[in-house]
Amino acid sequence: MNNRFLDACWGKPVDRTPVWLMRQAGRYLPEYMAVRSRCSFLELCKTPELAAEVTIQPVDILGVDAAILFSDILTPVEPMGLKLDFVPGPVFENPVRTMADVEKLRIPDPEADVPYVLQAIRILRKELAGKVPLIGFGGAPFTLACYMVEGKGSKDWATIKRMMYAAPDVYAALMEKVTMMDMEYLNAQIRAGAQAIQIFDTWGGVLSPTDYEKYVLPYTTKLINGLNRKETPVIHFVKGSGTMLPVVQKAGGDVMGLDWHINLGSARDILGPEMAVQGNLDPTTLYAPHAVIEQEVKRVLNENAGRPGHIFNLGHGILPTVPPENAKFMVDCVHRLSQR
């Protein structure tokens, strides 16, 4: 079993830096597109055998050191009572805007409401046995609430910000409910066999550090503290958090996910030796010639300066039009250049 990823999460020394990619099971792989051509995105998420198949593809094709469950962060939100569709981005036809809307939301039972997610994890633990660890994941409460209130993607998330400022009681009630749902969902993933959990707060960085601390931090902290994580490391990734790492760090967790807007060495200095880090190559680097990819991999590794507790990753998801051979070259570079 390749335990480099889990060892790095706990800050233990490893013989070479582990690497995986956010969205590594995805559209840039022809093998993924072959599966996806037979079903809709939601059908793929809700069919355990297919979700497991595409989860394993990048492990075999790229040689990454961890698999991450193929799913969507909004999967557990639908059974709360919202109608979800992808056209092509996520859209809720009945967004949450009032206290009455919040009161109608239910806390799903993961075993009953999203059994396909847990079944995919169980299949994957069998199929990945002796290979690499499996990462489960979920959206952070704030990012989930962004979609639930806005009803779709947004550039500025003005609707949820307006709720935060103008209807703080509605916002607090919603965040409380989403946090409880998230806790149940992620603990169910751990019970099913997920060996690490990544919490994605894709939109946490749209807030000022002051607003993040007031409106987001209490809920993410509650979520992380509520996970049964004695042997299950938690990676906390807040996109755009480079300017507020000391605040984000207060939420807890074992690994801080970093995007590419901060020097990895500077981030480690801010976070201190107790917290591992994950990141942080700019995803567009994978369009570059191999010599440039190698140079950039070397730069990120040099910024870490050999400190234990580094998982190499992109600073966000791999882009759909990246040549797969460039992703494979990057993984090989990380392994070759970090060999101890």
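Placement of Cβ uses the backbone N, Cα and C atoms for every residue, glycine included.
Annotated features in Swiss-Prot:
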{"type": "BINDING", "residues": "Arg23, Gln24, Ala25, Gly26, Arg27, Asp72, Tyr147, Thr202, His316", "note": "substrate binding site"}
{"type": "SITE", "residues": "Asp72", "note": "site 'Transition state stabilizer'"}
For the C-alpha pair, I'd like the distance in angstrom between Arg27 (substrate binding site) and Asp72 (site 'Transition state stabilizer'), rounded off. 14
These are the binding-site residues: Arg23, Arg27, His316. Which one scores highest on other Cβ atoms within 10 Å? His316
Separation of alpha carbons, Asp72 (site 'Transition state stabilizer') and Ala25 (substrate binding site) (Å): 12
Around Tyr147 (substrate binding site), how many other CB atoms lie within 10 A of its CB? 27
To the nearest Å, how far is the Cα of Arg23 (substrate binding site) from the Cα of Asp72 (site 'Transition state stabilizer')? 10
Site extent for substrate, whole Å (max Cα pair distance, Arg23, Gln24, Ala25, Gly26, Arg27, Asp72, Tyr147, Thr202, His316): 23
If you draw a 10 Å sphere on the Cβ of Ala25 (substrate binding site), how many other Cβ atoms land inside? 25
Roughly how many angstrom lie between the C-alpha atoms of Asp72 (site 'Transition state stabilizer') and Tyr147 (substrate binding site)? 13
Number of Cβ atoms other than its own within 10 Å, given for Asp72 (site 'Transition state stabilizer'): 19
Could you tell me which three-state DSSP class Arg23 (substrate binding site) falls into? coil
